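J.: Heads up, here are the entries from Swiss-Prot:
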BINDING   Leu364, Gly365, Lys366, Gly367, Ser368, Tyr369, Gly370, Thr371, Ala372, Lys386  ATP binding site
COMPBIAS  250-267  compositional bias 'Pro residues'
DOMAIN    358-631  domain 'Protein kinase'
MOD_RES   Ser360  phosphoserine
MOD_RES   Thr381  phosphothreonine
MOD_RES   Ser441  phosphoserine
MOD_RES   Thr530  phosphothreonine
REGION    250-272  region 'Disordered'
REGION    630-654  region 'Disordered'
REPEAT    113-135  repeat 'LRR 1'
REPEAT    137-158  repeat 'LRR 2'
REPEAT    159-182  repeat 'LRR 3'
REPEAT    183-204  repeat 'LRR 4'
REPEAT    205-228  repeat 'LRR 5'
SIGNAL    1-38  signal peptide
TRANSMEM  282-302  transmembrane segment
Amino acid sequence: MMQFHFQFYVGPVFTLRPSKGFLSTCLVSFLFVTTTFCSYAIADLNSDRQALLAFAASVPHLRRLNWNSTNHICKSWVGVTCTSDGTSVHALRLPGIGLLGPIPPNTLGKLESLRILSLRSNLLSGNLPPDIHSLPSLDYIYLQHNNFSGEVPSFVSRQLNILDLSFNSFTGKIPATFQNLKQLTGLSLQNNKLSGPVPNLDTVSLRRLNLSNNHLNGSIPSALGGFPSSSFSGNTLLCGLPLQPCATSSPPPSLTPHISTPPLPPFPHKEGSKRKLHVSTIIPIAAGGAALLLLITVIILCCCIKKKDKREDSIVKVKTLTEKAKQEFGSGVQEPEKNKLVFFNGCSYNFDLEDLLRASAEVLGKGSYGTAYKAVLEESTTVVVKRLKEVAAGKREFEQQMEIISRVGNHPSVVPLRAYYYSKDEKLMVCDYYPAGNLSSLLHGNRGSEKTPLDWDSRVKITLSAAKGIAHLHAAGGPKFSHGNIKSSNVIMKQESDACISDFGLTPLMAVPIAPMRGAGYRAPEVMETRKHTHKSDVYSFGVLILEMLTGKSPVQSPSRDDMVDLPRWVQSVVREEWTSEVFDIELMRFQNIEEEMVQMLQIAMACVAQVPEVRPTMDDVVRMIEEIRVSDSETTRPSSDDNSKPKDSNVQV
């Protein structure tokens, strides 16, 4: 251990000055600690890389993995997710890729920071290596639909939240050590070969439990009696709530004392009437017996039907958002076409269509081309699923357009397309999910004194990001490729002041609208007439978007139901009459020294919404002009604090 010695000299001057040797020692120590930390971080990631490469080399797989030493493990390896600091692997998701055989030891068990392990729907077999169930940080384990065997291991991770080992060949008893998993909320062990009693899990925070279709026996612990009967069905030797009550070992003794009764006197009859009595009695008894048997059969059938209906009702009651999602954006999926979700190269997602249909769904919004859903899959993966409506294109044309959208979407300011699905009745698109919302919600949502307004700097940065994204689409897609649906709700916030565009390139797939709406909204005048979108019509729509950002008003204003005025016309009328600050968003009035920049941005917008398409600038020109505003801003020092002063009146030539 390194020790530091200080010497104090008592004298007329009480000053403590560290020696040069001490400072040098501190500096060396600091560099040593920093270097050691970085070395450990690099070593951890290299160790994880070698462990995964060893796993891929030892376990055959039908689907090709892009794992190699040249690709960056955290950025491009399929199914691999790293920690936020990029020092180790924290999630491995490889469902349904055809993994075959046992998991070798000293491979996945060396991923010491692993939190999520999903190898479901493969052909894996054998026992789970001890080093896997000894991983200390596992939160979610999905190993269902494989052929694992042996006893269910005792997982040591105290933070284990979900454990799914269903549809395997595990044998033996359910470990009593599961009581120690205080954070466990979901346990799925159905369709195995487990035997023995059900352990008491009263110390566990279970919300979902399924032990059905095993060989369990004994009484169900009272702490688990609140789960539905479907959680325990298929275990014939299991009893207790919610199943049938457990029978006692021997019948209880009768409380009624035994009283001997004398035999009944013989029924008097004549010898000659013996045959007549026999015939007259047999026929009614036979008829009555048949009627009784028929009645019993009917009662049994009614009970079975009622029990089946009751079971189906209970199943309906426990349906989650999963089934709701399947009905919403999976209602048109055809059974023969399941699992035909098409992923694009470079996509790190690894799930199939059935996983997507099982995901919980939340409606994000309904737009011109369909409804967008936030889908949360079971491995904590969140994506956006766009369910398209009124698609007129055939399968080949649809697939070709998806390829183009994926190719041109490779830009920081564009939301990338990750996968798609096509069938006769259902068309789906899968994109990344960004939790920060969109520009429309920032501008118009929850306006008032309690809302933090979107400041001017953020508005300019967001506008510039969107402009760069559209300019990239025009350059990468060629002269015939346009966005076609530019609006504030399609400007998605990646993080603060950083945005990207979505919902582009879908116009060629859609049926031609029957008639335009009364208000123009974001659409250029020529689009209202020809129904054709071009680069210039995108420029017009982007000009409307800038006006929306400047004014804080929606692009279609309705002073009254009978009088609808589009935003460009309203701004032009205000400017032509006499320029006032009323055209700008009132929430911008608190910021100082931004009048000149707002006027410059307004001039850009008015150039974009020119009636004649040829007069409008290109998107590259728009990007350049906005960047010039940013340059002038950096050269001018102005306070960023709030101020109640209003911008001065300015003159704008339109």
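Heads up, the Cβ atoms here are built off N, Cα and C, so glycines get one too.
Quantities reported herein were computed from a predicted structural model and do not represent experimental measurements.
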J.: Pull the DSSP breakdown for the repeat 'LRR 1' (113-135) and write it out as helix, strand, coil residue counts.
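T.: Tallying H, G and I as helix, E and B as strand, the rest coil: 4 helix, 7 strand, 12 coil.
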J.: For Ser441 (phosphoserine), what residues in its own chain, 6 or more apart in sequence, show a Cβ-Cβ distance under 8 Å?
T.: Ser489
J.: Between Ser360 (phosphoserine) and Ser368 (ATP binding site), what C-alpha distance do you get in Å?
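T.: Between the Cα atoms of Ser360 (phosphoserine) and Ser368 (ATP binding site), the distance comes to 23 Å.
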J.: About how far apart, in whole Å, are the alpha carbons (Cα) of Ala372 (ATP binding site) and Thr381 (phosphothreonine)?
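T.: If we compare the Cα positions of Ala372 (ATP binding site) and Thr381 (phosphothreonine), the gap is 16 Å.
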J.: Counting across all protein chains present, how many other Cβ atoms fall within 10 Å of the Cβ of Ser368 (ATP binding site)?
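T.: Excluding its own Cβ, the number within 10 Å is 18.
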J.: What is the three-state DSSP composition of the repeat 'LRR 5' (205-228), stated as helix, strand and coil residue counts?
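T.: Secondary-structure composition of the repeat 'LRR 5' (205-228): 3 helix, 8 strand, 13 coil.
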J.: Within the same chain, where does the repeat 'LRR 4' (183-204) have neighbours whose Cβ lies under 8 angstroms from its own Cβ atoms, ignoring anything closer than 6 residues to its ends? I mean 6 or more beyond.
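T.: For the repeat 'LRR 4' (183-204), the nonlocal Cβ contacts are 144, 152, 158-176, 210-221, 223-224, 232, 234, 238.
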J.: Just give me the nearest neighbour of Thr381 (phosphothreonine) among the binding-site residues Leu364, Lys366, Ser368, Gly370, Cα to Cα.
T.: Leu364
J.: Write out, in the order they occur in the sequence, the residues of the chain not among Leu364, Gly365, Lys366, Gly367, Ser368, Tyr369, Gly370, Thr371, Ala372, Lys386 that have a C-beta within 8 Å of the mean position of the C-beta atoms of the recorded ATP site.
T.: Arg387, Asp503
J.: For each of Ser360, Thr381, Thr530, count the other CB atoms within 10 A of its CB; which of these modified residues has the top count?
T.: Thr381
J.: Express the distance between the Cα positions of Gly370 (ATP binding site) and Thr530 (phosphothreonine) as a whole number of Å.
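T.: If we compare the Cα positions of Gly370 (ATP binding site) and Thr530 (phosphothreonine), the gap is 22 Å.
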J.: Please give the maximum pairwise Cα distance, in Å and rounded to a whole number, for the ATP-binding set Leu364, Gly365, Lys366, Gly367, Ser368, Tyr369, Gly370, Thr371, Ala372, Lys386.
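T.: It comes out at 14 Å between the most distant Cα atoms.
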J.: What's the CA to CA span in angstrom from Lys366 (ATP binding site) over to Thr530 (phosphothreonine)?
T.: 25
J.: Taking the Cβ of Ala372 (ATP binding site) as the centre, count every other Cβ atom within 10 Å, in any protein chain shown.
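T.: For Ala372 (ATP binding site), the count of other Cβ atoms within 10 Å is 24.
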